[in-house]
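Enquirer: Take a look at the following structure, please.
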């Protein structure tokens with residue numbers, strides 16, 4: 001039986017090192033747009049100055065590239081198994097970091113777990129979390145857009161034709177939102193607005209929502225700031241708040 005070939009760690013360095021810092025990937029984080037992976041700290045710091053991937057140069061996101069990052073826990077475990085002592089070294093460095101940056105008022109245990117616990121206690125005492133309240137805010141009017149071209153009879157028939165390959169807009173039976181004015185962070189995306197509307201309107205999971213501005217369907221990654229600056233103002237709409245329309249639909253496609 002042929003002896004198994006042994007591989008050195010350096011044989012895999014190309015796959016487990018960060019393009020930015022050239023060290024082993026620590027908390028490997030993948031850019032979902034191009035699937036390139038970097039240390040979490042490296043890519044977050046890079047996105048403070050640029051919206052482009054540092055390796056291939058592709059634009060990751062128009063306004064908030066941090067939304068396109070995903071931690072790769074599987075790769076992290078593989079790296080820790082390939083590189084002896086790396087996990088212990090990182091844990092020790094983390095402990096040393098918290099010891100050096102410990103503030104006088106915290107005192108006592110300075111481990112990351114204890115610090116996190118103290119922060120949670122402070123939040124509970126305050127009685128509220130930030131939830132991006134420190135971000136710039138924007139006022140939005142969410143108006144239900146109904147399509148009068150579809151009769152209720154046609155819609156009922158279509159619901160019982162699962163093989164029908166088309167999207168059906170329908171008259172929503174409720175009168176939209178009870179309170180259609182909201183105030184939120186400018187960083188909120190259309191995807192978050194869709195989730196909010198689905199919960200408020202109690203839509204079945206089989207239904208989808210379109211969010212429109214001036215008759216144009218908005219992408220799920222568009223932030224409120226991006227829409228306000230590129231879709232609302234450019235159409236000559238200077239009124240405030242910004243109006244977004246939504247319409248429920250059934251997608252049989």
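Cβ atoms are placed via backbone N, Cα and C, with glycine included.
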Enquirer: Have a look at 24-60, 61-97, 98-134 and point to the one annotated region 'Disordered' in TrEMBL.
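Expert: Feature region 'Disordered' in TrEMBL: residues 98-134.
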Enquirer: In the domain 'RING-type' (18-56), how many residues does DSSP put in helix, strand and coil?
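Expert: Looking at the domain 'RING-type' (18-56) with DSSP, the answer is 8 helix, 9 strand, 22 coil.
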